Amino acid sequence: MENIIQVLMAGVGTLGFTLFFSVAKKHVAAATFGGLLSWTIYLVIYHITESIFLGNMIASMIVCLWSELMARKLKAPTNIFMIPGIIPLLPGGTLYYTMEAMLQRNKKVFVQKGLETVMITVGIVAGIVAVSVILVYFFTLLKKYKENLNSKLTC
């Protein structure tokens, strides 16, 4: 039940950010679903692996793919779907606790929460970069294949 509430709250938070960023009404549902999707994937992967890095990396990979798919289907920029979809994954809470521990001079908690914040951030970035690089490579190969096919047909 707790996970369902977390996913619903991730959706509400994502919806809030889509409205804050003035996402077009026709894209709000898809952008909000990206946030629901990212937090759901994170929870599933985290419960399987107990790794915040893997959970965030795989969730951001899925959101990146979702964003690319929606951008092509709805003929809109990828960022309209990517940014709201990543919002639930951002390490706001751990960053807050890192700064709180620093101000209280609690070195143990500062290091623990600081490393957790870095792992979350690097996981998100790694997922986005991995999918982006793979997609650029894939579309480059696809373009060359089509050009090659067209040149054979015209000969």
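Glycine is treated like the rest: Cβ placed from N, Cα and C.
Note that this is a predicted model, so its numbers are computed, not measured.
Lifted from TrEMBL, the feature list:
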DOMAIN    6-134  domain 'Threonine/Serine exporter ThrE'
TRANSMEM  7-24  transmembrane segment
TRANSMEM  44-66  transmembrane segment
TRANSMEM  78-98  transmembrane segment
TRANSMEM  118-142  transmembrane segment
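Most Cβ pairs under 8 Å to the transmembrane segment (118-142), among the stretches 7-24, 44-66, 78-98, belong to 44-66. Restricting the average to the domain 'Threonine/Serine exporter ThrE' (6-134) gives a pLDDT of 96. If you look at the transmembrane segment (7-24), the same-chain residues 6 or more away from its ends with a CB under 8 A from one of its CBs are 31-36, 38-40, 43, 76, 80, 83-85, 87-88.
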